[in-house]
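As recorded in Swiss-Prot:
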type    : residues                                               : note
DOMAIN  : 2-184                                                  : domain 'Guanylate kinase-like'
MOD_RES : S2                                                     : N-acetylserine
BINDING : G9, P10, S11, G12, T13, G14, K15, S16                  : ATP binding site
BINDING : S35, R39, T40, P41, R42, Y51, E70, Y79, G80, S81, D101 : GMP binding site
MOD_RES : S149                                                   : phosphoserine
MOD_RES : Y157                                                   : phosphotyrosine
Amino acid sequence: MSRPIVISGPSGTGKSTLLKKLFAEYPDSFGFSVSSTTRTPRAGEVNGKDYNFVSVDEFKSMIKNNEFIEWAQFSGNYYGSTVASVKQVSKSGKTCILDIDMQGVKSVKAIPELNARFLFIAPPSVEDLKKRLEGRGTETEESINKRLSAAQAELAYAETGAHDKVIVNDDLDKAYKELKDFIFAEK
């Protein structure tokens, strides 16, 4: 089994865009660990593909049943990666990719038998990140402020050396090349 790859970084840094490019170019090499969440789907998101959308009661039941490798609560919503989702990717012969937050990274690091590799996607600046979040048109001012506050904590954590690699996404093509270089350096 190849080592899982954990990708994290503040909301709005381009993680989803980079991963969509990777999956489009290498559809048979990587599998996405589909996270579960209690938040409302955004326009265009598909249940079971982008996230597994569940109720708060369902999520809490999953916590009690130890179904998560990691889970966290952010902006009033729960997010988590299930053991079943990671196993499903591994059984398919693909490298598992987990897109998780800082709390999730800490949880996965506490499970050494996963032998995961950690990649952080950073914005060029907090100001640039704010522009990206505002440009989505899906965030309230309060939500943007919460995300920026969380981003500052995540950026500080990334500076501790908690990740194997940090990529600053100031140019999508350059960031994508760095992503591929990291992923294919050791499978």
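For all residues, glycine too, the Cβ spot is worked out from N, Cα and C.
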Query = Which of these recorded positions is closest to T13 (ATP binding site) if you go by CA atoms: S2, S35, T40?
reply = S35
Inquiry  = Just to verify a number: CA distance, K15 (ATP binding site) to D101 (GMP binding site), in angstrom, no decimals.
reply    = 11
Ask   = Between the binding-site residues K15, R42, whose Cβ has more other Cβ atoms within 10 Å than any of the rest?
value = K15
Query = Which of the recorded positions G9, S11, G14, S149, Y157 has its Cα nearest to the Cα of T40 (GMP binding site)?
reply = S11
Note = R42 (GMP binding site) falls, by DSSP collapsed to helix, strand or coil, into coil
Cβ contacts of S11 (ATP binding site) (under 8 Å, same chain, 6 or more positions away) = L133, R147, A150, A151
Candidate binding-site residues S16, S35, R42, E70, G80, pick with smallest Cα gap to Y157 (phosphotyrosine) = E70
Inquiry  = Measuring Cα to Cα, how far is G12 (ATP binding site) from the residue listed as 'N-acetylserine' in Å?
reply    = 28
Key: Recorded GMP site residues S35, R39, T40, P41, R42, Y51, E70, Y79, G80, S81, D101, farthest C-alpha pair in Å   = 23
Other CB atoms within 10 A, centred on T40 (GMP binding site) = 8
For G80 (GMP binding site): intrachain residues, at least 6 apart, with Cβ closer than 8 Å = S35, S36, T37, F59, M62, I63, F68, I69, E70, W71, A72, G104
Note = For the recorded positions listed (T13, S16, S35, S149), most other Cβ atoms within 10 Å of the Cβ sits at T13
